[in-house]
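Per Swiss-Prot, the features are:
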- 1-26: signal peptide (SIGNAL)
- 29-257: domain 'Peptidase S1' (DOMAIN)
- Cys54-Cys70: disulfide bond (DISULFID)
- His69: active site, charge relay system (ACT_SITE)
- Asp113: active site, charge relay system (ACT_SITE)
- Cys147-Cys217: disulfide bond (DISULFID)
- Asn157: N-linked glycosylation site (CARBOHYD)
- Asn169: N-linked glycosylation site (CARBOHYD)
- Cys178-Cys196: disulfide bond (DISULFID)
- Cys207-Cys232: disulfide bond (DISULFID)
- Ser211: active site, charge relay system (ACT_SITE)
Amino acid sequence: MRNASGPRGPSLATLLFLLLIPEGGCERIIGGDTVVPHSRPYMALLKLSSNTICAGALIEKNWVLTAAHCNVGKRSKFILGAHSINKEPEQQILTVKKAFPYPCYDEYTREGDLQLVRLKKKATVNRNVAILHLPKKGDDVKPGTRCRVAGWGRFGNKSAPSETLREVNITVIDRKICNDEKHYNFHPVIGLNMICAGDLRGGKDSCNGDSGSPLLCDGILRGITSFGGEKCGDRRWPGVYTFLSDKHLNWIKKIMKGSV
């Protein structure tokens, strides 16, 4: 479900402008390992249809943060306390009350790939289900920072989704590198509201089915899995994550406060 990079975008001048503008204005796990069961209790498995999954993070008892390109509907199921994609006694299955895609989400540029989902019922917090708190500030993540991302997506480009939760350690890559001709080449532009992360040698990445998974850097929630290249784990196209900037955090808090 993690998006692959799209066709040629706007002009280079426009792309450079997008990269430099300030905050204002409106995948599968490759190269990772299966986690200890229920050791990531904040993870939410999103079953959007019989054969489509995404992931998300439980940020309040009845709120999940995921990606805007995950097509959440009234019939979508949010499974908390999951290690396996199959039924487990620890799982809590909740349904959607209302979805709030980020209003400035752009399918073409991939800017603002965030979505808040309010659940019909509150989750029961226990050893298998826990809240992942939002960061206090939207501090940018420096290149070289170690991060981790988990999900139930593919662990190989031709594989089916993983039956169990997997996680991979990745490193933040400078946006200038991700935008150069050896990588995304500004198609699309990796802007200030995105985090580029993976391994410059390739082989470590999120993948299809990991969309919406939380990116944790130094143990802090910093991003949401958004898109990547045609092939997961390809060194030319590291994974790209929506950065939880102050602008995004303010929107999240406003939506949750206004929907009480």
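Each Cβ is built from the backbone N, Cα and C atoms, and glycine gets one as well.
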Closest to Asp113 (active site, charge relay system): which of the disulfide-bonded residues Cys54, Cys70, Cys178, Cys217, going by Cα position?
Cys70
Which of Cys147, Cys207 has the fewest nearby Cβ atoms, counting only those within 10 Å, among these disulfide-bonded residues?
Cys147
For Asp113 (active site, charge relay system), the number of other Cβ atoms found within 10 Å of its own Cβ:
29
Using Cα coordinates, what distance in whole Å links Asn169 (N-linked glycosylation site) and Cys178 (disulfide bond)?
18
Sequence-ordered, the recorded positions among Cys178, Cys196, Cys207, Ser211, Cys217, Cys232 whose CA is within 10 A of the CA of Cys70 (disulfide bond) come to Ser211
To the nearest whole angstrom, what is the C-alpha distance linking Ser211 (active site, charge relay system) and Cys54 (disulfide bond)?
5
Please compare the disulfide-bonded residues Cys54, Cys70 by how many other CB atoms fall within 10 Å of each one's CB, and tell me which has the fewest.
Cys70
Spatial neighbour of Cys217 (disulfide bond) that is closest, considering only the disulfide-bonded residues Cys196, Cys207, Cys232 and their CA atoms:
Cys196
Whole-Å Cα distance, Cys54 (disulfide bond) to Cys196 (disulfide bond), is 19
